[in-house]
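Attaching a single structure in structure tokens format; questions to follow.
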Amino acid sequence: MTSNLSQPVLQLCYENLNGSLFGFGAVLAVLGNLLVMTSILHFKQLHSPTNFLIASLACADFLVGVTVMPFSMVRSVESCWYFGAKFCTFFFFNYCWSCCDVAFCCSSLFHLCCISIYRYIAVIDPLIYPFKFSVSVSGICICISWILPLVYSGAVFYTGVYDDGLENLVSALNCVGGCQVVVNQDWVLIDFLLFFIPTLVMTILYSKNFMVAKQQAIKIETSMGSSETESSSESYKAKMARRERKAAKTLRATVVAFLISWLPYTIDTLIDAFMGFITPAYIYEICSWCAYYNSAMNPLIYALFYPWFRKAIKFILSGEILKGSSSTISVFSEKV
């Protein structure tokens with residue numbers, strides 16, 4: 001009895017947390033993004049360059065929900081990491097701005113950046129953008145959005161440069177059931193720039209979109225008030241401009257949701273690297289799950305703003321897509 005009492009008490013890294021919220025996020029990320037991918041890939045009316053980008057973005061979020069969130073949920077709920085140090089490094093390797101897989105994180109950001117460029121062209125000149133942004137161009141953007149993050153994350157992981165100079169700190173921070181990989185200041189700065197530059201590009205483009213859309217709205221109202229007859233070209237351009245402004249609002253909401261989700265972890269990681277990694281474990285958990293939940297938010301945004309997505313969900317859940325001709329069903333009145 002005495003020998004047992006003399007044994008050191010090992011303290012776990014994480015406090016026990018309610019797992020219902022985490023489980024809901026993981027299920028929503030998996031099922032929601034699966035519905036987005038199925039809708040776009042199955043219904044031919046949704047086969048457009050921008051929708052293929054949205055489907056690829058949903059794939060990245062889906063993979064986060066499948067490969068990252070369940071293991072993190074076990075760690076958060078059970079107060080311990082049961083899968084070993086190597087598995088921790090593989091899945092929660094935060095040489096990027098979050099502890100979820102860096103490739104999926106970067107891929108989501110790159111997809112959003114490509115979509116913002118596409119929407120900028122669409123709002124600026126709705127008559128020309130179908131020729132500038134074809135399916136092949138969309139395919140190139142999708143390849144870049146996947147290949148670059150995978151190459152970057154793979155290179156950093158296999159070289160092990162992310163914790164150079166932090167060996168003593170890593171040993172000091174290790175605890176029973178812990179899964180928190182530290183990154184040195186150089187790579188934290190690189191990761192921050194990888195987050196900041198695309199975010200700055202998206203912010204500038206959407207700001208310009210807002211100004212142009214406002215000018216177009218004034219011009220359309222003026223032309224409609226001054227002339228009862230309108231050329232077919234001007235009418236089509238006005239119709240396209242209204243549609244693209246609505247799409248831009250939806251994707252702007254997606255970008256805002258991304259920033260709200262990822263900024264806390266990005267800022268925390270940047271500050272922590274220069275302050276000796278003093279962030280408490282529960283703060284780290286909160287920031288991590290805020291970032292994780294971004295993968296579950298996009299399907300909710302699409303359901304809120306896109307009538308075609310709500311209609312597609314009805315067809316999928318009712319089993320209508322199992323019919324042979326279901327791919328040609330109209331999910332909305334005009335093509336996006």
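Here the Cβ of each residue, glycine as well, is placed from N, Cα and C on the backbone.
Just so you know, TrEMBL annotations are computer predictions that nobody has curated.
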TrEMBL tags one of 250-267, 286-303 as transmembrane segment - which one?
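Per TrEMBL, the stretch marked transmembrane segment is 250-267.
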By Cβ distance under 8 Å, which residues at least 6 away from the ends of the transmembrane segment (250-267) in the same chain are close to it?
97-99, 105, 108-109, 112, 115-116, 119, 192, 195, 199, 202, 206, 209, 286-288, 290-291, 293-294, 297-298, 301-302, 305-306
